[in-house]
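Accompanying notes for the structure given below.
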Amino acid sequence: MASPAVQKRANVVVSRVVPVVLLGAVIYATYAITKPLCIDYLIDPTSSHHRGPRVGAGAAILAVYYVLLIPMVGTYIRLYLTVLWNPGNLPQGEEKLADDEKRKRSKRSKRWRGKIGTPKSDAEKISQADADVERGSNTTAVGSSDQTDVSLASFYTKNVFVCQEDGRPQWCSKCCQLKPDRAHHCRETRRCVRKMDHFCPWVGGVVSETSFKFFLQFVFYTAVFCSFTLIVFAFFTAEIKRDTGGVNPHWCVCIGLSGLFGFFTAGMTSTSLQMASINVTTIENLSRHKTVWTLAVRVPEYLLERLWAPDSPWAPTFRMVSYPPQQVPSSETQPDMANTPTGERHVFAILHTKPGENPFDLGSPIKNLQQVMGYSVLDWLLPIKPSPCTDHSSMESHFAMGPVVTRLRQEAGLLVAPPENGAVPKSPHSGRSHEGSLSSQ
Ligand SMILES: [Zn+2]
């Protein structure tokens, strides 16, 4: 098995070569269908074919071929440019950028001095990663001007986000940055990518939330295109074999190419559609049946007032975390926190899904597909508008969440209606002991 570094390099090389190979294959197929098949065999047959002209058939095949070619090439260009210019990368943390700069400088100075440094031990690396997590949760809580989209506030100002066991957002120790829901670190590009699906050599980069729709359209249109060319070339190859006993080598090559690409793209269309219909990415799908999602779900203000009332009979059955971290309440300061003006205090219940449950599954295949493809037929067919799931402006969560989260809220007692007259309503947890703890770290 090749080392990760070799594999990574191989992936990058393949990603540069494959687009050129694809372009060559399309140009070759276009030549083979236009000249040897439609012109020289059907429309104006050469004397060696011993057949009369079939202008209608030739023109119809050419027309269908070019009509199918346009969406395939169009979606590929849209996909390629999106992967190139808008891959969905998250910004790297300030520390990562500073580390990179430091490493570059030390490399230059080592080269100059002719010295070789001692590599860090694994233990050093691990303790460094832990320290990064600590630093990250503090530095990003303040928020830097150019990284506002992954500041701590971008998590706790939403009602639900994916978190670690202690309620902090997930952290990438390689990018030194907080990871929004469904973000994944790509080892080929060395960046965290929003809703990364997979690294795709076909398009020379990462297929993510910004490009998955165009990827799906491309593999679908390519499968249709390849099926058509396969049928046409196979039909006329059989005919010419019957008539003359020979075959046209160009047509045979095209049968091989369209069979190969058609088989792969049809398979990819089917699996991609399947995964989009249950709202998982290729990466999430690998551990789909055993993943337990840990979610920070905001506790409504009116429930907090009830919770922190001095003689409250209401006891939460979950751990909690409070944001922003500077306003951490201890057990003594809880009553003060209860008086903090609304909007400044964000308290979350830390809840867990059952293994295999997907909080992002909206409950119906169509609703899940709409998150990727859009809401109209034109959105589904044309590679123009970005996927609705790329819009993270909702105050509810980074990605739309489904019935699993509703059930978790219900089970945790967070769906109790707010009191109409300000009175504390009777809690579903009355009489239980306080099992929850309020934590911030
Ligand atoms: Zn990362």
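Every residue, even glycine, has its Cβ placed from backbone N, Cα and C.
Model, not experiment: these values are computed from the prediction.
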From 250-269, 290-309, the residue range that TrEMBL assigns the feature transmembrane segment: 250-269
Within-chain partners of the transmembrane segment (20-43) [C-beta distance under 8 Å, separation at least 6 from its ends]: 49, 51, 53-55, 57-59, 61-62, 65, 69, 72-73, 76, 202, 229, 232-233, 236, 240, 248, 250-251, 253-254, 257-258, 261
DSSP residue counts for the domain 'Palmitoyltransferase DHHC' (168-287), split into helix, strand and coil: 67 helix, 19 strand, 34 coil
